[in-house]
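Engineer: What Swiss-Prot shows for this protein is this:
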- 177: active site, proton acceptor (ACT_SITE)
- 457: active site, proton donor (ACT_SITE)
């Protein structure tokens, strides 16, 4: 039996008791209460050993892929689950029946207000890839959500006043994305190890807000990222059951949409829904992370080298297969199949370019709607009307009733052949430019970064990094010059791009491009392949206090 106590628990961060966003009086002390900390410590002590074992399993699988011992296929041990037509996911929960347009963004206070005021049906509040996990971003994200759910998020800055346009019960449904299983929160140690960031984010939000959310006619809803095996989903389901039992909430009140954004998960979609069926609200196509994962898992195999990033689209064979399998699987099991992100942001000073960008969004959403998706993501409120217009053609709140007649094989999911594929010097430069810009902003505490009129998150930088690693490893020949991609070439272009970006930075000497390049260099020259950029850079952005807080005074 796990002991519910704060013994051997150390918090290396100040518990701020000063309100930061008048007129709200909410402070960090209202989030990091003794009861809330005991709750997340209980979850950590109960489930962290399982989490660590599942992460070790990921490493073991990668070793087998690298050696050629394992090739992806559907799991023989779960064939019975796939072949049983009788089981279904949960019926759509209150506030999650119509999900035709979902906006996403980090839990910054101004972004929360803007997203909740947008003409969308749901809002995915993101502690993961569009957030840089500084202590301030993570803990004040909890403060901001606490206030939003209680209609007390309105605030003023010297330049602008932010106000919700209506009662929270009539605004877009909140869905929170915690950090992935691979991340930890190093400001809170339990039994001499950092707490799982997933449990930290989920636990604080759930403990403080679950009952309030039910009161307003919604519920505690989540997006679950980066999972690579159905047993990782089972772990979430076990946590949900314990969490609901702990606060006296009926099981099944929580709902979770799982992002299918890793290659292993694409072979386990049915098992993933099955493991969380009591709490399932569907699956989502996490397109950029899926490309990243495909390269990451198959990086040692020359037949799976992908071309310039702009040539890898949702109509590429392996992407098209994964989308069609996802929609078919979700609708057969009675849950939502959500489309991917439109990352475009308005181009205010160029009407012609803006029109072209918006047409690209419209065509992308039309493709998704026709394929059978029940809704899709946008990164900016200006894109919401386009998404709404397209998905209004469903004629219903969703199209779960429509089960596309498709048969997707394991070979289809691994078909990375792309017509007219090429790698060019410009492709190298684009990857380095985007990767450096994103990493530099992330190191300064911003995880949601406008680059070339697109709102980028960590997945974009991950694609940049792993493509360059793959091109160097396999000595890809450049279409424009006939030269091989070598460590020397990528290092040379990296230095050029770093100097160019640093000299143009409005921050002057305070920019972090040199630091970003230091971490980027061994990755893009093929020397090392880190699991995630976010874990690689994490220690650069945290500032734990030297001494822990005295928790006995809470």
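We count from 1, first residue shown onward.
Each residue, glycine too, has its Cβ placed from N, Cα and C.
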Engineer: Could you state the CA-to-CA distance between residue 177 (active site, proton acceptor) and the residue listed as 'active site, proton donor' to the nearest Å?
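Structural biologist: Distance (Cα to Cα, whole Å): 14 Å.
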Engineer: Can you tell me the three-state DSSP label for residue 457 (active site, proton donor)?
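Structural biologist: Where residue 457 (active site, proton donor) sits, the three-state DSSP reduction gives coil.
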Engineer: Across all the protein chains here, work out how many other Cβ atoms are within 10 Å of the Cβ of the residue listed as 'active site, proton acceptor'.
Structural biologist: 25
Engineer: Ten-angstrom check, please: count other Cβ atoms within 10 Å of the Cβ of residue 457 (active site, proton donor), all chains counted.
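Structural biologist: Excluding its own Cβ, the number within 10 Å is 25.
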